[in-house]
Every structure is written in structure tokens, then in C-alpha cells.
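Mind having a look at this structure? Questions to follow.
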């Protein structure tokens, strides 16, 4: 806590300590992790993340080599059988999650940074600047998420950077709305008014006085955006607008092997299970965060 917050501005030091305590990210995560729902969510998340990032070290075969007949049934050598090209399904599963999770996490981080900065600026500036920023964001919100991402990928190409930035563009307006609303509420508090009276620069005021007090709701929102990002990245890969063959990717595996599900379900079922477990884990932990923050679940925008 800085000296400005502790100054005699009509707000007691105890109240300011409580403000900082409630906004503490570490404390919020700790409270959420101690709940049964949060603990289960973390366990599921940790399992899938470990599989995605450590799995390639334990793969018995190359995910690109052909070893047997297409859609071969599981056996001792290939525990999950082979896919439509005769490649080891388990090896492709172990290699296929890293890119998906990395893109989704990067897209979520970009979403949070862009949306938070826009919301902070609009909520503190108010007036004409606020109206211009929010009207521009409303234009973006008029496009469904998937349509906007498809449009960006179709025009700019199928690179990972385009995928990340297009998802961030689609999700940032929702975060900006949440950040703006909470910024307006925090900016009206006495310790912020006192900081303004001392002549702090706008950047210092936003980053040191307002931002720490709006992080709690933003952390809750980040969980929802991560689930949507996973769905969008997997969907784009499934449609062929993301990771391209012969690379291993969970969404691409589902697309490539869906026609042979009746003969050999594991090339489709295994990546589906991994994606579902990760989404359930994020949802459970996000709900635990929401409960720990003392607020009802709010998506702050379109789903």
C-alpha cells in the first residue's frame, strides 16, 4: 500500500487495507483453490496441461510416421490404435495439445491486456473519448465471434499470429466493458480523488490506484474467455483454418478421423475427451473464482 492510500482522505487505513486485500490476486486464487469445486477444476486443468506440454517426451512413436493400417484397433504397440493414415493415435494425442493450449492462452492474455487498457482509458476519460471508444467496440460486438475470426483468417491467412490476434479482437470488447464499468466505480472512491488532487499523471493513477482494484472481476472474466478461446481455436483447426496437416492437433485429429469413428473411435474420442476435461476444469475453477470474489457469474459480453 502506498502513502497516497494511507493519507487522511476520509477513508480509514483499515478500509484501504480491505480494498487491497479484496483485490489481491494471490488471495483470490488461494480462496478459490481451497474450495472443492476449485480443487477439482485445478486437478483437471493440471492433468490436461501436463499431458499437452510434457506428453511429447513420453510419446513412443513419431506423430508423423506411418506404422500400420488405417483405423487399426488398439493393441500393445498402439494403445489407442491408429488414425486414418495409419499413424499412432496416442503419439499424435500427446503432441497435439501443446499448440492448441498455447494459442488459446496467448489469445486470452492478449484479450485481457487490450480489453483492460481500453476499459481503463474509457472509464477514466469519460466524455467524448469514452463515447468514441465504446461505439467502436460496439461495432466489433455486432459481429459474432466465429464470423469475425473466420473473416480475419480468410483475409490475412492461417498463421498462429493471425489466429491469436483475431480471437483477441473478438473478445476484447467484452473485457473492455467490464473494465470500464469497474473503473468508473473505483474512480469515484475517495482515495482516487485524493490521488488526482495530488497531481498524479493519468498513467500512474490508472496503473497504481485503479488497476489493482479492478483485477478481481477481470480474473473471473479471464476464465470464461479462456474456455471460449479453446473452443474457437479447436473449431478453426477442425474447419481447416488453423493448424495444417500433417501437424498433430486435437481439433485437426477430430476433423481427419471423424469419418472412421464407427471403425475406430479413439482418434476422435481421445482429443474430444481432452478438450472436454480442460473446458470442465476451467469452468469449475472459474466458478470457484467467481464465488471467492463474492460475485455472481457474469460474462460481461457475448458468449
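Each position is counted from 1, following the chain as shown.
Yeah, the Cβs are placed from backbone N, Cα and C, and that goes for glycine too.
What you see is a predicted model, and the numbers here were worked out from it, not measured in a lab.
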Given 136-156, 199-219, which one carries TrEMBL's transmembrane segment label?
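Residues 136-156 are the ones TrEMBL records as transmembrane segment.
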Grab the same-chain neighbours of the transmembrane segment (264-285) for me: Cβ-Cβ under 8 Å, and only residues 6 or more beyond its ends, written as numbers and ranges.
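Sequence-remote neighbours of the transmembrane segment (264-285) are 32-33, 37-38, 40-45, 47-49, 51-52, 71-74, 80-84, 89-90, 92-93, 96-97, 100-101, 223, 226-227, 230-231, 234, 250-251, 253-254, 256-258.
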